[in-house]
């Protein structure tokens, strides 16, 4: 297993390195970064399914939001489809780490698909909260990004009582009756910016003073701790490079967090070759992080490319240690 839990350390630690005396150029490497426990579980689920059942294995949507991971699995015999109905009758299908709605599971059952759910357990936790609060008669204000697979899957568990809040600007468009609704609670997508989410909550409470907080935070440990790690180095950086795909919510948020925390510039790249040499003009210190669905090999590629431009002194700045591991879906666990 590869995923690990993040427990904030009492003091930030770093590997000590001095800028090159010749160039003064330096890289600050944020830690933790990259794969989280939920992504580890999802990718290993697909790999184990290939070993157990052979190709092809069908996956609804992208198993995780990373181009390299998807392309690598496709080369091994994974077929990615938009909907369960696109898979042939009786095929093996894996649901992505982002979770699915009951309607998707019903669609898979109608085609007798051998479904394996690779949803991150932290996403499943939010699904269970939605179902519980729906059953208790609450209306739910769900903070998230419209069209994101996690949002669609989560809201599918309470179609009539869950209302999407996609940014502060969407608040005026919420149903008018919610102003008089006594049982009102907010929940959120797991991969949002912590600061942005709480800003939205503050605005919601101005409109809905009765709005209740959830019993626990929905933004996942990996998302939060990667943001903390970026904040720890951003102010020292002339440039921040985040490795991740444009459809990865948590990766995009890291770019935003870096800029808000003081980085002079920040870019998102899938691969090292996407780094534009012009970005490096006048730059002495570069910060590097990666989203929760990014394998470390892609970060290594970025470090190697930057070394070619004289950025060969690397200081890893660690703000937390990761120890969490999620078990595979039961059907793929080794027999005891």
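FYI, residue positions are counted from 1 along the chain as it appears here.
Including glycine, each Cβ sits where the backbone N, Cα and C put it.
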120, 220 bind [4Fe-4S] cluster per Swiss-Prot; candidate in 36, 237 listed for that same site: 36
Given ranges 1-23, 47-69, the stretch to which Swiss-Prot attaches the annotation region 'Disordered': 1-23
Cβ within 8 Å of the mean position of the Cβ atoms of 36, 120, 220: remaining residues of the chain near [4Fe-4S] cluster: 37, 38, 39, 97, 122, 123, 190, 191, 221, 222, 223, 292
Residue from 36, 120, 190 whose C-alpha is spatially nearest that of residue 148 (isopentenyl diphosphate binding site), among the binding-site residues: 190
Sparsest-packed of the listed binding-site residues (36, 120) - C-beta count within 10 angstroms: 120
Cβ-Cβ distance under 8 Å to residue 150 (active site, proton donor), same chain, at least six residues away: 98, 99, 123, 144, 189, 190, 191, 249
